[in-house]
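Student: So Swiss-Prot has the following annotated:
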type	residues	note
BINDING	464-471, 1081-1088	ATP binding site
DOMAIN	110-396	domain 'ABC transmembrane type-1 1'
DOMAIN	428-652	domain 'ABC transporter 1'
DOMAIN	1047-1281	domain 'ABC transporter 2'
REGION	657-695	region 'Disordered'
TRANSMEM	111-131	transmembrane segment
TRANSMEM	152-172	transmembrane segment
TRANSMEM	227-247	transmembrane segment
TRANSMEM	252-272	transmembrane segment
TRANSMEM	338-358	transmembrane segment
TRANSMEM	375-395	transmembrane segment
TRANSMEM	712-732	transmembrane segment
TRANSMEM	772-792	transmembrane segment
TRANSMEM	840-860	transmembrane segment
TRANSMEM	862-882	transmembrane segment
TRANSMEM	952-972	transmembrane segment
Amino acid sequence: MEDIELNSVDNLETKGGKEIKKKEKKIGYGGKKSPEENSNFLSNLTFSWADGFVIHCFRNVLQLSHLWDLASYDKSEYLAKKIAKSWEIEIQKPKPSYLRAGFRAFGKLHCISLFFYSIYVGSQFVGPEILSRMVTFVVESKLGTSTEDPNMGYYYALIMFGTAMIGSFCNYQANRVTVRTGDRLRSIIVLDVYKKAIKLSNSARSNTSPGQIVNLISNDAQRMIEVFGILNNGLFALPQIIICLALLYEKIGWPTFVGLGLMLAAIPFNGLAAKKLTETRRILIGHTDGRVKVTSEILQAMKIIKLYAWEDSFAKKVLDRRNNEIKLLFSFTRYRTILIAMIGAIPTAASILVFSTYYGYNGSLDAGKIFSALSYLNLLKIPLGFLPILIALGIQMQIASKRVTDFLLLPEMKEVQQIDNPSLPNGVYMKNSTTTWNKEKEDSFGLKNINFEAKGQSLTMVVGSVGSGKSTLVQAMLGELETIDGEIGIKGSIAYVPQQAWIINATLKENIIFGKELDEERYQKVLEVCALKRDIELFPQGDSVEIGERGINLSGGQKQRVSIARAVYSDADVYILDDPLSAVDSHVGKHLFHKCFKGILSSKTVILVANQINYLPFADNTVVLKSGEIVERGTYYELINAKLEFASLLQEYGVDENTKGDDSDDDDDKKDDDKKEEKVEKPKQSDKDGTLISEEEAEQGAVAGKVYWKYVTAGGGLLFLFAMILFLLETGSKTFTDWWLSHWQTESSERMESILLGEEPTGLTDDQNLGIYIGVGMASIIVTVVRTFSFFEYAVRAAHSIHHELFNALLKKPMSFFDQTPLGRIINRFTRDLDIIDNLIATSIAQFFTLMLSVLATLILISIIVPWLLIPLAPICILFFILQYFYRYTSRGLQRIEAITRSPIFNHFSETLNGVVSIRAYKKQQENILKNQKRLDDNNNCYLTLQAMNRWLGLRLDFLGNLIVFFSCIFITLKKDTISPSDVGLVLSYALSITSNLNQGVLQAADTETKMNSVERISQYIRGAVEAPQIIDDCRPSPDWPINGSIKFDNLVMRYREGLDPVLKGITCEIKAKEKIGIVGRTGAGKSSIVLALFRLIEASEGSISIDGENIAKFGLKDLRRNLAIIPQDPVLFSGTLRENLDPFNECPDHELWSILDDIQLSKVFKSTEEGLNSKVTENGENFSVGQRQLIVLARALLRKPKILVLDEATASVDGQSDSLIQATIRNKFSNCTILTIAHRLNTIMDSDKIMVLDAGKISEFDEPWTLLQNQNGLLTWLVNETGPQNAIYLRKLAEAKKSGLNINEITQIDQQNDNLNTPPRL
C-alpha cells in the first residue's frame, strides 16, 4: 500500500523547492477515497491497507483533515434511506420496535459476521484436542510405545498455529461487520431522533426536556455500539458451553455433570440478578434524565444564578438528584457485581468439583485428560465471562430501544395548510380557528374562534394587554399550536422574527444569509434598513465576526436586528414579527419601522405584534386581543371611534384618543445623526481572527499520569490499592491452583512409580494434594468475589466524586468560560463522559488488569517450565512492543478526534432545540438535517477508523500469540524425553489462552485509555480559572451591610479578557444613598458592563468600586451579590414550582410570598389554581407570557429587600401595561433604595435624580436630567430629540417636574396625552 505520508527529503529535493512546498501542504489522506473500499482480498484479510495510516499517525499529530472520506455505505444519507423504509413497515405494527426496524434494515449484514464467527468458535476447540494428543505423544515417547511419526509434535505445532490463524482471520472479519452494524444502529438513532425533535408537537415538547433528548443520542444510542461489540460472544455462548461440556464428557466422563450441575444451580440466581438489573436500570435512567435536565437548565441560566448568588441552592438541586442516582447506581452495580462474581467464580469452582470427583472416581489423574479438560474449562470462561456483561448491556439496550421507540412515536406538529389558490393574494388566513398549547391539559391557554386575515401588501398590527394571547396568535399562524377546530392556511413563504432572537453559532453574515445564496446588493441593502452597518464597523472582522452561542457577544438590540435582517434577507412573502421593536433603541426602532417594515417590506404581507402604540396609525389594520379572542379589528381611527376595548387599552398605555402618531421617519434626523460622530465601544470582543467560541482542544500524547491518579484518588486511594492487591492475589491463586493440579499429577505419577519399584513413596498423599487443591481453589473464589465487590464499590464512589467536583468547579467558573464554551460541549461532559465513568470505565480497567496479569503469569509459568522458550520469546516481545508503540499513537489520535467530533453533534442539537420554531418557519428542516448528517459522518469516520486500527493490531497480536503456542509445541517436542506430561499439559493449556488474553489485554488497554479520555476532559473543566471565593472568612461584611447604599466608582477600567481593549475606561463618579440613577447610551456604550463590574461577573482591571465606603473587591462574591438585587432584561424562570422560583432557599413564609404577588397583581392568577404557590413552572417558564415572567422576576427582587437595585433594561420586552405596573411597584417599594436603571424607555428614567450618559466606555454626562437637557449639543438632548417631537416635549416636562419637585402622578394628569404617545424611548 502506498504510504501517503511525505516521501523522503531526498526524493523531494530532486523535484526542487517548489515541489517540496506543494507536497508539504498535502498531509495524510484528506479528500481521498477510503483505502478499505479499494483494497484487494488479501489486503482486506490482513488489514494491510492500514499500514500507511499507522505510520502517518506515528509521524504526525493526527487531524480530522488527515482522514479519508467515509465509505459511501457508511454515510448517514445511505443509512437514513435504509432505516426510513424499515421504520415505515414497523410503525404499522401494534407494538412497533425501533430495534426490530434496525435489525430489518441491517440484520442481513450481521448474518455474514455470524458465519465468520462460527468458524472462529470452531477453531477454538482444536487447541485442547491437540493438547491432549500432544501429552499422549510425550508420554508414549517417554515409554517408547509411540507408533506415531517422531516428528508428529512438529505437525501438531503447525496444526495448532494454522487453525488458530484461520480463527483469527475469521474473528476480525466478523468484528468488522458487527462494529459496522452497531455503529449503523447508533447512527440511525441520532439521525431519527434529530428529525423527530424538529417535528414534535407542542404537547410532546412540553413533556420532553432537551436533557432527555440529549440522553437519547448520547447514552441510549451508544448502547447499540457496546452491545454489538460483544453480541456474537453472547449469541455463541450457549453453543460454546454445550460443545465444551460435550468434549469434557468425552475426556473425563460423568464428573462433567457435577460441573454442569453447579452451572445449572447458578442460573436462577443469575436470572434473579438480571431481573433486578433490568428494574434498577429502568429507574436509574429516569433519574439520569432528571439530573441532566436540571443541569442543562442551570448551565443555560448561569449568569442569572451568579447574579442572584444562587449557586448553593441550585447545587443542592443537582446534587440531590445525583445522590439519588448514585444510590440506584450502587444497587445496579451490586447486582451486576453478583453476576460477574458468580460467573467469574464458576469456572474455578467447576474445576475443583470436576477434578475432585474425577479423582475420587478414578483414584488417579491422567495428565492428557486433565489438562485437555482444563483447557475446555478455560474456554468456558470466555462465554461465561461475557454473559454478565451481555446481560447488563442487553438490558440497557432493550430499555434504550424502548425509550427511542417511545420518543419516535410521540405526536408531531401538523404543518399549516399551504394554500395554492392562484386567485388569493399571499397572506395568513384563519377561519373559526380554536387552538391550544396542549390538548392533554384542560387548563391549557389557547385561542378561541379566531377569524383573521392578513393578505397582500399590508401591515397588520396585533395589540393587547399582557397575557392576552399575542404571541399565542403568532405561534398558531406558524402551526405551533394544536388545532381543536377551524382552519389555518398560509399562502406564500414565511419569515419569522421571534420575541427573543434566536442566534446560531456562526458568523454574523451567516446568521443573516441563513443558508441562502449571497446576493451582495440585497445583503448590503438589508444591513442598511436593519441599522446594522454601524455595528459591523465596530468589529475588526466586520460581518465575518463569529457570533457566539445564543449571541452572547451581542447586545439584546443587536441580536434582534440580526434576527430581523435574517427575515428581510429571506425575501419571503409573509412576515410574522413577534414584538421585535421592544429590544431596540428608540431611534433604531423608528428606523426599522419606517425603513424596514414600511419600506423594503412594503410590498409584503407583514404581521407585527407590538407594544409601541405610536406606530398604530401607520398600520393598514389593527387587531385587538383579549383572553385569547379577537375583540376588535380595524384601522387605528376606526377603533378609536368605536370607543370599545381598544379605547380601554389606550387608557392603560396612557394615550389620548385624539393624538396622532408621529409620522416622521428618520430622514429628518439623519443629518443630525451624521453630524454627531458615534463613538461606541465594541460589544463583547472576539479574538483577532474573529472567533469567540473556543475550539475544543485535543490533548496530545498519552493520557497523562495525573489523569489516572485523578481517577485513582477520586474513589479513595486505599480502597483502590486494596482492590489492586486483590487482583494480584486473584491471578496468583488461580495460577497456583492450576500449577498445583500439575504438581499433584506429577507427584501422583512418581508415587505410583515408587510403589511399582517397591520404594517408599515420598511427598504428599493424593488426599493431601486434593485438600490443598480444594483449599487454594476456594481461596481463589473468595478473593475473586471480594475483589469484584470492592473494585466496583470503589468505581461508583469515584464516579460520585468526579461529578461532584465537575459540577462545583463549573459553578465557580467565571462567566467568560460560559461565553466561550458551547453549551453542548459542557452537556457532553455530563452525559456521555459521565456515563462512561458511571457504567463502563470500571469494567474496562478490571478486564485489563485481569487479562494482563494473566498474560504475565502465563509467560512466567511457561518460561520456568520451558526455559528455551525465552529465545523466541525475546523477539516476539520486541515485536509486540513495537506494534503496540505504533498503535498507541494511532489509537490516541483517533480517540481524541472522535471525542472532539462528538461535541458538535450535541452543540447542533442544543442549538436546534432552542430555535426549532424558527427552523420550521423558514423551512430549514432539511438543511439542518444535512448539517446533523455531516457532523455525524465526521464522528463515524473517526470511530470506524479507530475500530479498523483495533483489528489491524489485533490480528498482528494474534499472530504473535499463536507463535508462542507454536514454539511451545516445538520446544516440548525437542525436550519430550525430559519434560513431564503434566508440565506439557500445563504449558500448552496456558499457551492456548495467551493469544486471546494478549489481544484482549492490549485492546482493553486502549479501551481503558479511550475511556480515561472522559476523565481527562472532565479534569480540564475541573482545572482552570475560577472566580473569586464565594466567602472570605476573615473579611466578611457586617450583617446589615450595606446600610445606606451609596456607590463610588473610582477610575474603573474593565476588559472582558486579558489582551482585549477595555470596555469601561476610567469610570469615576459617586452615587449617594437612595439616589435613583438612570444610565443611558448607545448600543455598546458600556451600560451592561457597569452591571457586570458591580456584581463582579467580570473583575475590574484597574480602579475600584466601593459600596458604603467598602471596596467590594475585598468581599467574597456571595456576600456581595446577595446584598444586591437585579431585574435583568431577559426574565429567566426554572422548571419546578412558583415557590422555588421566588424563594429558592425557602426562607420566606407563605403570607409574605402572597403579599408580594398581590403587589405585582399576579395573586389572582395563582389563587385560582389548586396548586397555588406550588403551581408548576415549565422549563424556561414557557407556560407564562414574557410579561408575567418579568413580573415574577420583579417579585424576586422585592423579596430580597435590597439597598441597591439594578434594572438592566428590565422592561424592554414587556408591554406598556406591564411596564407601568413594574415602574409603579419599583417607585413604591424601593423608595429607600439606591436604584440604577439601564433604560430603553427614556420616560422610565427622566424622573431620576441623575442620569449617567455613557459613550464609548466613558461617562460623557452625569447630572440631573433638567441640567443635562440645557446643553443643546449634549448626548442626552440628542437622545431625547430622537424619540419624536411630541414625546421629546413630554420628556422635558418630566425633567422639569423632577427639578421642581412635582409628583409623577401629577405630571401624568397634567400631560397624560403625551405619555407614551410615541415609541417608548429605547436606548
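Glycine too: its Cβ is placed from the backbone N, Cα and C atoms.
On a predicted model such as this, the values are computed, not experimentally measured, just so you know.
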Student: Go through 111-131, 840-860, 862-882, 952-972 and flag the stretch with the largest number of C-beta pairs under 8 Å relative to the transmembrane segment (227-247).
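Tutor: When the Cβ pairs under 8 Å are tallied, 111-131 comes out ahead.
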Student: Which residues, given as numbers and ranges, are at least 6 beyond the ends of the transmembrane segment (862-882) yet have a Cβ under 8 Å from it?
Tutor: 957, 960, 963-964, 967-968, 971-972, 974-975, 979, 983, 986-987, 990-991, 998
Student: Quick test of the contact rule: Cβ under 8 Å, at least six residues beyond the ends. What residues does that give for the transmembrane segment (375-395)?
Tutor: 124-125, 127-128, 131, 223, 226-227, 230-231, 233-234, 236-238, 240-241, 244, 247-248, 251, 259, 270, 274, 277-278, 281, 336, 339-340, 343-344, 346-347, 350-351, 354, 843, 988-989, 992-993, 996
Student: Report, as a single number, how many Cβ atoms besides its own are within 10 Å of the Cβ of A1085 (ATP binding site).
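Tutor: A count of 27.
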Student: Near the Cβ of G1081 (ATP binding site), how many other Cβ atoms are there if near means within 10 Å?
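Tutor: Result for G1081 (ATP binding site): 28 other Cβ atoms within 10 Å.
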Student: Using a Cβ-Cβ cut-off of under 8 Å, list the residues of the same chain that are 6+ residues beyond the ends of the transmembrane segment (338-358) and lie near it.
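Tutor: Residues 248, 252-253, 255-256, 258-259, 262-263, 266, 269-270, 273-274, 277, 365, 370, 373-374, 377-378, 380-381, 384-385, 387-389, 391-392, 734, 737, 741, 770, 773-774, 777-778, 780-781, 784-785, 788-789, 792.
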Student: Check the binding-site residues K470, K1087 for other C-beta atoms within 10 angstroms of each C-beta and report the one with the most.
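Tutor: Comparing the binding-site residues K470, K1087, the most crowded Cβ belongs to K470.
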Student: Let me know how many other Cβ atoms fall within 10 Å of the Cβ of V466 (ATP binding site).
Tutor: 21
Student: Averaged over the whole of the domain 'ABC transporter 1' (428-652), what is the pLDDT?
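Tutor: Average per-residue pLDDT within the domain 'ABC transporter 1' (428-652): 86.
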Student: Around the Cβ of S468 (ATP binding site), how many other Cβ atoms lie within 10 Å? Please give the count over every shown protein chain.
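Tutor: Other Cβ atoms found within 10 Å: 24.
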Student: If you draw a 10 Å sphere on the Cβ of G464 (ATP binding site), how many other Cβ atoms land inside?
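Tutor: Total other Cβ atoms inside 10 Å, all chains included: 26.
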